[in-house]
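Contents: one structure, followed by commentary.
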Amino acid sequence: MITTQKKKKNRFLPDFDKQSIYSLRYEEMQDWLVEHGQQKFRAKQIFQWLYEKRVDSIDEMTNLSKDLREVLKDNFTMTTLETVVKQESRDGTIKFLFELQDGYTIETVLMRHEYGNSVCVTTQVGCRIGCTFCASTLGGLKRNLEAGEIVSQVLTVQKVLDATDERVSQIVIMGIGEPFENYDEMMDFLKIVNYDNGLNIGARHITVSTSGIIPRIYDFAEEDIQINFAVSLHAANDEIRSKLMPINRAYSIDKLMEAIQYYQEKTNRRITFEYGLFGGVNDQLTHARELAHLIQNLNCHVNLIPVNHVPERNYVKTPKEDIFKFEKELKRLGINATIRREQGSDIDAACGQLRAKERQVETR
């Protein structure tokens, strides 16, 4: 028996009266329709209204019968995100502060590149991982987002882009929260945005980043979906990584590397390691050599990230010349490495700066 309300998969999910229609995968919509005496092909029509025509209400789905629309309204809600603040950076990056149905707030970022528009989505209200350089974890974890709330972030940004005939071409799951701590909803989200009948964003244009939740890395290796995979590493030894990322005390670097090796053997896909450079902490050439030794046998890429200022944190940015030296040393040792282009730091939209808290800023 298919029910309209999915079983709650963890205690951190909200308990809303109705499920978001955006949380349903295509096959779940088909099953629901059959259960309610409808034909499966209606699922394609509904998904077209949701993701191609991007309507704001079920009543606008005019090729569905009135009775079906009423049943849909009785069972589902169309998740809407209220834009509380919208800020635009000098480089064109746009940060959205969205209010959720229960009053919590999250942040989502639109980044513009030569190759297209990328959206950085949030998967949790807050975060409990506790990285000592990150703003997202300052208030702790409030709750997980439903798949529909993650989908709605992309849809809301896409509706903004519709005004200029642009589209979201890439998604990075690197906003507030640890995606692998909201694994089932994240996977539903990935499938929904990847469907031909959904937002139709290619799997290879989607990247998920984790701080290193080892059991979920093994799970992710078994998924039949070619999503890009990134790991926030930031140090190549347990002493420094545990100071930067307390999660390392539970999942040591040795265990993390075992899981990553398994993922690579299973999927034959390249891994991206994200390495934030913190002045005087992990940015010396000895650290570069240590990193190169750790990952030398992996098919991987290192994304070097200049640390961004967070008022509550005491880390300082590594000087540019030292960042270039670090990159050069990695390349000398045979490691593919690039320096991430900094975007949105003037509106606190860059790596490590997102938080689920409204600020007194001008809406632009």
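Along the chain as shown, the residues are counted starting at 1.
Using N, Cα and C of the backbone, Cβ positions are placed for all residues, glycine too.
The active site, proton acceptor annotation in Swiss-Prot covers Glu107 and is backed by sequence analysis. Cβ contacts within 10 Å of Glu107 (active site, proton acceptor), excluding its own Cβ and spanning all protein chains shown: 28. Under the three-state DSSP scheme, Glu107 (active site, proton acceptor) falls in the strand class.
Taken from Swiss-Prot, the feature domain 'Radical SAM core' applies to 113-346, supported by sequence analysis.
Taking all protein chains in view, 28 other C-beta atoms sit within 10 angstroms of the C-beta of Cys120 (disulfide bond). Swiss-Prot lists Cys120-Cys351 with the feature disulfide bond, giving sequence analysis as the kind of evidence.
Among the features that Swiss-Prot reports, [4Fe-4S] cluster binding site is placed at Cys127, Cys131, Cys134, with the record citing sequence analysis.
Leu233 (S-adenosyl-L-methionine binding site) falls within neither a helix nor a strand when secondary structure is assigned with DSSP, and so counts as coil. Counting only same-chain residues six or more apart in sequence, the Cβ atoms lying under 8 angstroms from the Cβ of Leu233 (S-adenosyl-L-methionine binding site) belong to Gly212, Arg241, Phe273, Glu274, Tyr275, Leu291. Residues or ranges marked as S-adenosyl-L-methionine binding site in Swiss-Prot: Gly177, Glu178, Ser209, Ser232, Leu233, His234, Asn308.
The active site, S-methylcysteine intermediate annotation in Swiss-Prot covers Cys351 and is backed by sequence analysis.
Within 10 Å of the Cβ of Cys131 ([4Fe-4S] cluster binding site) there are 21 other Cβ atoms, across all protein chains. Glu107 (active site, proton acceptor) and Glu178 (S-adenosyl-L-methionine binding site) are 14 Å apart (CA-CA, integer value).
Within 10 Å of Cys120 (disulfide bond), judged by CA to CA distance, lie the following recorded positions from the set Glu107, Cys134, Ser209, His234, Asn308: Glu107. Here the C-alpha separation of Ser232 (S-adenosyl-L-methionine binding site) and Cys131 ([4Fe-4S] cluster binding site) works out to 10 Å. Between the CA atoms of Gly177 (S-adenosyl-L-methionine binding site) and Cys134 ([4Fe-4S] cluster binding site) there is a gap of 11 Å.
If you compare Cα positions, Glu107 (active site, proton acceptor) sits closest to Cys134 out of the binding-site residues Cys131, Cys134, Ser209, His234, Asn308. Proximity to Asn308 (S-adenosyl-L-methionine binding site), defined by a C-alpha to C-alpha distance within 10 angstroms, is shown by the following binding-site residues from Cys127, Cys131, Cys134: Cys134.
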